[in-house]
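A.B. asks: Dropping a structure here in structure tokens format, bear with me for questions.
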């Protein structure tokens, strides 16, 4: 049978149209797809607990419910802790204008005493500029909260999806096996389980790293005498879920708070130094040791994925894009025709961005 030759430009055009269609579907189906994908990741995280409960002769449905309930309690406790801490931080920042004046006055005294330079900041800065900036910031914050509440309304579906995914996890696995009936079913099932374990290992490892970072961040801030060290340390650790950008964003909040509340003008800069050291420990020791090579994505693809995920789905997209790309890379590795795409996504050895594997 004679093969039909398709011109290169037609194939390129087809790929571009396919990408545009996929992006359009992702944007259009955001309210359904975000909870669905988030539920998929969290159900993988809760699967080991669900299996353990089933081994104790607890019915499958009840095991799924108890595993889900455990997850909700843990997440709820963390949210409650953060809300309580936010209330305390807000009270401490009640008189922002006066604190800003004190901060700039300290800077003026430092430059005058050590460098002989008078900046004219001994009386603070223009109050009208502060008021305008704060009003603009309040509007942005209000808009952000409204958007967050709107997205949370859609995420109400997430626990429901998790519950059914835990119950039907074997059914879904068998569906994927039958979907590729032309191939060796045992091999297909092995690959499906491998991908599930890969994602589980990534999520569990990431949570372990976040817990260690929370302790290190909180300890560093507590030693410096920064109030609400637990909140800032936990907040920075949670943001570490976003590669590259997360640690930077996590350091901004305690830095800004220290500028407004700390008696020492050097405390904010010491915070940056300590957080940088902690981040170096995380990237060169903790993550390679605990998370390992479960993801194996190169830095360029990771950054591009974060930007694309953020543009399409916001913060949720930035969180979901990394494990999604890891799964996609593994799928590409299974076929000779798509293996070059797996190579494109993966990290090369002996690269400055490559995190060394533990021996």
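In case you wondered, yes, glycine gets a Cβ from its N, Cα and C as well.
Copied straight from TrEMBL:
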type: TRANSMEM; residues: 9-27; note: transmembrane segment
type: TRANSMEM; residues: 33-50; note: transmembrane segment
type: TRANSMEM; residues: 62-86; note: transmembrane segment
type: TRANSMEM; residues: 144-168; note: transmembrane segment
type: TRANSMEM; residues: 199-224; note: transmembrane segment
type: TRANSMEM; residues: 230-253; note: transmembrane segment
type: TRANSMEM; residues: 265-281; note: transmembrane segment
type: TRANSMEM; residues: 301-328; note: transmembrane segment
A.B. asks: Out of 33-50, 62-86, 199-224, 265-281, 301-328, what stretch is closest in contact terms to the transmembrane segment (9-27), meaning most Cβ pairs under 8 angstroms?
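C.D. replies: It is 301-328 that shares the most Cβ pairs under 8 Å with the transmembrane segment (9-27).
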A.B. asks: Sort out the residues at least 6 away from either end of the transmembrane segment (62-86), same chain, that have Cβ-Cβ distances under 8 Å to it, and list them.
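C.D. replies: Sequence-remote neighbours of the transmembrane segment (62-86) are 42, 45-46, 49-50, 53-54, 159, 162-163, 166-167, 228, 230-231, 234-235.
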A.B. asks: Within the same chain, where does the transmembrane segment (199-224) have neighbours whose Cβ lies under 8 angstroms from its own Cβ atoms, ignoring anything closer than 6 residues to its ends? I mean 6 or more beyond.
C.D. replies: 41, 44-45, 47-48, 230, 232-234, 236-238, 240-241, 250, 254, 258, 262, 267, 270-271, 274-275, 278, 281-282, 286-287, 290-292, 294-295, 322-323, 326-327
